[in-house]
Amino acid sequence: MLTKLKSISLGNWILIGMFLGLIVGLIVNFYVTDPYIKNIILMDNVFYLGGTLFIKLMKMLVVPLVFFSIVVGVASISDIKTIGTIGGTTILIYLLTTAVAITLALIIGIVLQPGAGLHMTALADASNVTTNQTLPGAILNMVPENPFNSLANGDMLPVIIFGLLIGIILAKLREETEIMNKAFTECNRIMMEMTAIVMKFAPIGVFCLMAKTFGSLGLEGIMPLGKYFICVLIGLAIQAFVVYPSLLVILTRLNPINFFKKFIPVMFFAFSSSTSNATIPLNMDKLYEMGVSRDVSSFTIPLGATINMDGTAIMQGVAVMFAAQAYGIDLGTSALLTVIFTAVMASIGTAGVPSVGLITLTMVFNSVGLPIQAIGVIFGIDHILDMFRTAVNVTGDAICTIIVSLRNKEMDVDIYNGKKQPKEEKHIM
Ligand code: ASP
């Protein structure tokens, strides 16, 4: 029995933790009536502590892991032109997939009419979600004024830029900076080991996160917004299971089934944690298992977690149509184009953390004059949608990384197809 349990992989343990958490959460929600046991002991203490502790541990890894792995990755690609090509194509594919995602969402919104017949003002009052991010501001924020501040605050884009620069310089100075080169490589190795240790707690962490979410979920809130909810899910499903596999087949001729077979645990992890940022270490590791060079993924995955949020864009597209229909506002073609542009821009520079999509949604609403109160209405059910869209966000990052790696000869297709094993034996899961 014990040996059988031991043979279950960490990925499967995470799935088990997730489903058990869901079931326990629902049981607590419906059958535990004592508010002290339910809310105080279980929700606010046991599940909250277990879940938050794990997310904090994952977050603890992100900045040093991303920083060291970018430095090491870039330093090992000695050709600066290759870095430029990889960076350029990655950003382009990220932006294009986001534009496809939001267009898809707008079409779903136009066809399925999620907000038709709703009287918004009757549903809820104003939201307090605001944003003051502008496009020049977002671009300027990418440059670290003080790199140590950026590292300390976990501002991903400046950290990426600073890491890139150090990597390029190490590659250029090579012999002169041999000791530093080695030091960064060893720091990176330490962070990877730490990630593997923290991930051992993932099944318990994921269990607590799921139990807390489903234990305190009020299903009443979902009902009036059922159509909106379903439209977002349809959009996410099309993006994940039609758009991405098609891209993979058309641009790389790789079999998408192999991808999903290996990648599903990462999607579930993103689902339970609602944060692409905390999923970075896992995503990079899974891609390595699929034959993608760490040199590329160490740069594209953290970048994607920040600038590529296709799932979030889908929620935003449906939300725009929902609000427009509920308020009886007719959005013309130019307004829809503005929505596409703003949503793509809004995703740049916002970290992949829970609920950030709702904050950038205010930018999108403002761009076409939709009432911000509508965001307050969807606020109540956003947590669950956040889980689904985060799973799509991380899938988009991985798919784009595979495309870019393969096209730049930074991927071993034999490993992807299971004909060969990756060099490093040890994986996180
Ligand atoms: N939670 C999402 C992520 O981390 C972002 C969002 O849509 O709110 O990718």
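Any Cβ shown, glycine's included, is placed from N, Cα and C.
Per TrEMBL, transmembrane segment is recorded for 12-33 (among others).
The feature transmembrane segment is assigned by TrEMBL to 53-77 (among others).
Distant neighbours of the transmembrane segment (89-112): 227, 230-232, 234-235, 238-239, 243, 247, 299-300, 303-304, 307-311, 313-318, 320-322, 325, 336, 339-340, 343-344, 347, 396-397, 399-401, 403-404, 407-408; these residues of the same chain sit at least 6 beyond its ends, with a Cβ under 8 Å from one of its Cβ atoms. Marked as transmembrane segment by TrEMBL: 89-112 (among others).
Per TrEMBL, the feature transmembrane segment maps to 156-173 (among others). Under 8 Å from some Cβ of the transmembrane segment (156-173) lie the Cβ atoms of residues 63, 66-68, 70-78, 80, 83, 87, 141-144, 147, 150, 180-181, 184, 277, 299, 302-303, 305-307, 349, 351, all in the same chain and six or more residues away from its ends.
Taken from TrEMBL, the feature transmembrane segment applies to 194-215 (among others).
Sequence-distant contacts of the transmembrane segment (227-251) (same chain, at least 6 residues past either end, Cβ-Cβ under 8 Å): 97, 100-101, 104-105, 108-109, 112-115, 259, 267, 310-311, 314-315, 317-319, 321-322, 378, 381, 384-385, 388-389, 391-392, 395-396, 399, 402-403, 407. The annotation transmembrane segment is assigned in TrEMBL to 227-251 (among others).
Sequence annotations record features per position, and here TrEMBL assigns transmembrane segment to 263-280 (among others).
What TrEMBL records for 300-323 (among others) is transmembrane segment. Listed as Cβ neighbours of the transmembrane segment (300-323) (distance under 8 Å, sequence separation of 6 or more from its ends, same chain) are residues 62, 66, 70, 86, 90-91, 94-95, 97-98, 100-106, 108-110, 113-115, 120, 156-157, 159-160, 228, 231-232, 235-236, 239, 276-277, 279-280, 283-284, 287, 329, 331, 339, 343-344, 346-352, 356-357, 360-361, 364-365, 368, 370-371, 374-375, 378, 382, 385, 388-394, 396-398, 400-401, 404-405.
Summarising the annotation, TrEMBL assigns transmembrane segment to 335-353 (among others).
TrEMBL lists 359-381 (among others) with the feature transmembrane segment.
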- prompt: Among 12-33, 194-215, 263-280, 335-353, which stretch has the highest count of C-beta pairs below 8 Å with the transmembrane segment (53-77)?
  reply: 194-215
Field: Top partner of the transmembrane segment (263-280) among 12-33, 194-215, 335-353 - counted as Cβ pairs under 8 Å
entry: 12-33
